[in-house]
Amino acid sequence: MNGNTAKKIEVQAENTARKNEQYADPKKWHKQDTTWALSLFGTAIGAGVLFLPINAGSGGLLSLLLITLLAYPVMYYSHRALAKMIYASNSADEGITGTIREYFGNKASIIFNIVYFGSIYTIVLMYSVALTNTASSFIVHQLHMPEPPRAILSLVLVLGLIAILNFGQDITVKVMSMLVYPFIVSLLFIAISLIPQWNTSMLSFSAVSTASTGTGYFGTILMILPIIVFSFNHSPMISSFVVKQRATYGIEATDAKCAQIQKVCYIMTFAVVMFFVWSSALSLTPDDIKMAKEQNLSILSYLANELNSPVITIAAPIIAFVAITKSFLGHYIGAFEVMRDMIIKFGKSRGKDIEEKTIKTVILTFVVLSCWFVAYTNPSILGLIDSLSGPLVAAILCLLPMYAIQKVPVLAKYKGKMSNVFVIIVGVLTVLASIRSLF
C-alpha cells in the first residue's frame, strides 16, 4: 500500500467516524432531520387538498370541526403504522412491494401490486377529470371564450401531458420537485387573501343530508374520512424515509427518530392545510359549497369564478392547474412503473420476454384511452375519492400494516397499542364509506 492510498483510507475512516459521532444521539435534532421533515411536508400537501374544503364544508360546521379533530391523528397514526411495518424489513429499499414479498411471499406481492396500481391509477383518472374541468372553467370564466368541446379539450390535455413526460421525464420530475414549496406558499397566500371575504353563514349551517337522514356524527365521519385519508396520503415516500433513518441512526433508534420527524412534519402540514380549509370554507356560503360540488371543480377554480377579487380570479385557477398537473404527472409515473413491472412479470410467467417498445405502446394506449374516456364522461371527483381512491389508499395505509403487525413475528412488539385500534377503525370506516357511497 503506497502512502497516498493509506492517507485516503485514513481520511475516509476519519470522515465516517465524524459522521457517526455527529448522529450518535438520535434524541437530538439534526440538520438531516430538518431536511426530511421538509421533504415529507412537501410531499404530504398535494392537489388533493384542493378538494378538501368542499367536502369539509358540505356538512357545515359539524364536518369542519370533525375534519379538524380527525385530520392530524389520521395522518400521523396511519403513516406511523406503515413506517412500523417497514422498520424490520430487509427489503425496505425495494419499496413497500419488497417488504410485502419478504413478509408474505410472491403471491401476496402480486395481489398488493394490483391493489397498489388501483390506488394510484384511480388518482390519475381523477386528476384527468380535474384538469379538464379546471382548463374549461378558466377558458370560459377568466378568458371569456366559448367553452371548447369536452372531447377535444380532454384529449389534448391528456396527450399533451403524456408527451411532455415521454420527451423529457427527468427534466419534468425536477421541475415538479421545484414546484412543491411554491405550491404550499401559494396556498397560504390564497388563504390569507380570503380573510376579507370571511362570513358567518357556514358557522350556523347544518348539512341537510346529514340532518334529514338522522345519521348525525357517524354519517358525517363516513363522508369526510375518505377525503382525509386521500388528501394527506404520501405512502410511497415512507419506505425511502425509513431506510434513510435506519442507515443513519441504527435499527434500535429508527422507531423513535421516525416518530420525532413525522410529528414535526405533520404538525406543519396540519396547520397549513387546516388554515386553507377554514379560510376557504368561511369565504363561501353553504350554497356556494353545494354549487362547487355540482360543478365538479376544485375550490380554487370555484373561488376564482365567484369572488370579486382580481388577484384570486387570475392566480387561483393557475395555481390549481399547475398543482393538479404536477399531481397527475407524479401519479402517472408511479402507475407507469407498476404497470411495466406487472406486464414484464406476466410475460415471464408465460415464458416470454416482452419487448420494451411493446410494453410502452400498450401502457400509453391504455392510459390515453382510459383517461380520455373518464375525463370526457366527467364523473364526480369527490365520488371517485369516496368510492375508489380513499378506500384503496386506506387498505394500504391502514389495514395492511395492522394485518402485518398481527401476523409477522418480527413486528409483534407493536401489538396491543391503542393507536392500532384507531388505525383499524379509520381503515374499516373508510372502506365502509365506499360501500355506502354506492347506494
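Counting begins at 1 with the first residue displayed.
Glycine too: its Cβ is placed from the backbone N, Cα and C atoms.
Unlike curated entries, TrEMBL annotations are predicted automatically.
Taken from TrEMBL as is:
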{"type": "COMPBIAS", "residues": "7-24", "note": "compositional bias 'Basic and acidic residues'"}
{"type": "REGION", "residues": "1-24", "note": "region 'Disordered'"}
{"type": "TRANSMEM", "residues": "36-54", "note": "transmembrane segment"}
{"type": "TRANSMEM", "residues": "60-77", "note": "transmembrane segment"}
{"type": "TRANSMEM", "residues": "110-130", "note": "transmembrane segment"}
{"type": "TRANSMEM", "residues": "150-167", "note": "transmembrane segment"}
{"type": "TRANSMEM", "residues": "179-198", "note": "transmembrane segment"}
{"type": "TRANSMEM", "residues": "218-243", "note": "transmembrane segment"}
{"type": "TRANSMEM", "residues": "264-284", "note": "transmembrane segment"}
{"type": "TRANSMEM", "residues": "311-336", "note": "transmembrane segment"}
{"type": "TRANSMEM", "residues": "357-375", "note": "transmembrane segment"}
{"type": "TRANSMEM", "residues": "381-400", "note": "transmembrane segment"}
{"type": "TRANSMEM", "residues": "421-438", "note": "transmembrane segment"}
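Remark: the transmembrane segment (311-336) contacts the transmembrane segment (150-167), by the rule of 3 or more CB pairs under 8 A. Taking every recorded stretch in 179-198, 218-243, 421-438 and counting its Cβ pairs under 8 Å to the transmembrane segment (60-77), the highest total belongs to 218-243. With a cut-off of 8 Å on Cβ pairs spaced 6 or more residues apart, the transmembrane segment (381-400) and the transmembrane segment (179-198) reach fewer than 3 such pairs and are scored as not touching.
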